[in-house]
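First the structure, in the form of structure tokens, and then the observations on it.
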Amino acid sequence: MQRGIVWVVDDDSSIRWVLERALAGAGLTCTTFENGAEVLEALASKTPDVLLSDIRMPGMDGLALLKQIKQRHPMLPVIIMTAHSDLDAAVSAYQQGAFDYLPKPFDIDEAVALVERAISHYQEQQQPRNVQLNGPTTDIIGEAPAMQDVFRIIGRLSRSSISVLINGESGTGKELVAHALHRHSPRAKAPFIALNMAAIPKDLIESELFGHEKGAFTGANTIRQGRFEQADGGTLFLDEIGDMPLDVQTRLLRVLADGQFYRVGGYAPVKVDVRIIAATHQNLEQRVQEGKFREDLFHRLNVIRVHLPPLRERREDIPRLARHFLQVAARELGVEAKLLHPETEAALTRLAWPGNVRQLENTCRWLTVMAAGQEVLIQDLPGELFESTVAESTSQMQPDSWATLLAQWADRALRSGHQNLLSEAQPELERTLLTTALRHTQGHKQEAARLLGWGRNTLTRKLKELGME
């Protein structure tokens, strides 16, 4: 199999230069173009094995170019590149038939590997993707690699109604992802029905899911449709599926197998066509081992797994998320959006965020109301944010350790708006160590220097700098 011919189109000459040399270094023949019109003109006489195209270019953008290429050369794999790493870009690229999606900045070795995979795909004459364009936008934001993986999965599932299991800590945005999977699916125009298993009393879950007949139990005065019937033709999102009682799990498994169920108190089967998206913050494999979750139901639901990372594992997304939530809160309250001081933005990025994206969103709502000025300063942030971060960072330390005390001091200083903490702390640290060492050696400087790991001249200089002569 020959190495392959690659075309690159990007209005950024530096991107063209880097890719051309990297691809040539991998033994591939590379030709570069500045705009989409040049590519279409060249395609009239020859065809590459793969095309890499930027998504935002003057004149014809990457998606418009992709559309024309798919009309003329439907088997040609196209990789869409973009510095604007958002869900809509990923989904639009996949739905118009892109082979894959490459967010900038990219690792050059990964880019070359992706190109080689696309060439192999083309040379083996596999069928392309060709799906209708996307639905409404969502508020899923993420440039972190883990979130790009989530976008990629949503894009690849955009023509499917397969079951999906979403797992992630509380507050990571599992329902947002479920909505996105529904919006970008063939069922987008049908209902999306959500039900949180943890929020429903156990004795009402069956009635909520499957409905009930009139007279099925005390208070059942009319026939009631359950969530399965309400979601017919669409998507049923079962949040916190790990909390579902075992007897209801058995009924759910039967519905997934047969496509029909009986209302509570009913004798006539009700047929439904429903896609199931389930979510949990629990370890379902462990629940299966403990006998708290049916293994056969787990395998029914776990066809495609989507893992949502906690916010602490995607810190690069925090500034963009915070700006977005401040804009949303301002629109809701009819006020001007707050701005984040650069130091505040940096502080938000360092915090623990045990409540994940939901906690960040609520913090931005709080700041919109409570921050005094138009620009949010560090001292405007609620104190509990720092307390949770200190608690997490010192959880492995002894309560009276010097590191714990230092962390608590730094926390108080940052909350008071102090800057240049190191220049403030280092002299005090050295003064404390010197005083203690000299006390330990009864004032013998050479011995104190040895204990501290300094030379005698260094100790003499430090005593002078610190005013301790």
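Even glycines carry a Cβ here, placed using N, Cα and C.
Look at Swiss-Prot and you will find 445-464 tagged as DNA-binding region, backed by similarity to another entry. Same-chain residues lying 6+ beyond the ends of the DNA-binding region (445-464) with a Cβ under 8 Å from its Cβ atoms: 430, 433-434, 437-438.
If you draw a 10 Å sphere around the CB of LYS174 (ATP binding site), it holds 23 other CB atoms from the protein chains shown. Annotated ATP binding site per Swiss-Prot: 168-175, 231-240, in sequence order.
Summarising the annotation, Swiss-Prot assigns domain 'Response regulatory' to 5-119 and lists sequence analysis as the type of evidence. In terms of DSSP helix, strand and coil, the domain 'Response regulatory' (5-119) has 53 helix, 25 strand, 37 coil.
What Swiss-Prot records for 140-369 is domain 'Sigma-54 factor interaction', and it gives sequence analysis as the kind of evidence.
Annotation comment: Swiss-Prot describes ASP54 as 4-aspartylphosphate, evidence class sequence analysis.
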| task | Please give the average pLDDT for the domain 'Response regulatory' (5-119) in this predicted model. | result | 88
| query | Here are some recorded positions: ASP54, ASP232. Which one has the most Cβ atoms within 10 Å of its Cβ? | reply | ASP54
| field | Cα-Cα distance linking LYS174 (ATP binding site) and ASP54 (4-aspartylphosphate), given in Å to the nearest integer | value | 30
| query | Does LEU238 (ATP binding site) have same-chain partners at least 6 apart in sequence with Cβ under 8 Å from its own Cβ, and which are they? | reply | LEU195, MET197, MET244, ILE276, ILE277, ALA278, ALA279
| task | Could you say which of the binding-site residues GLY168, GLY171, THR235 has its Cβ with the most other Cβ atoms inside 10 Å? | result | THR235
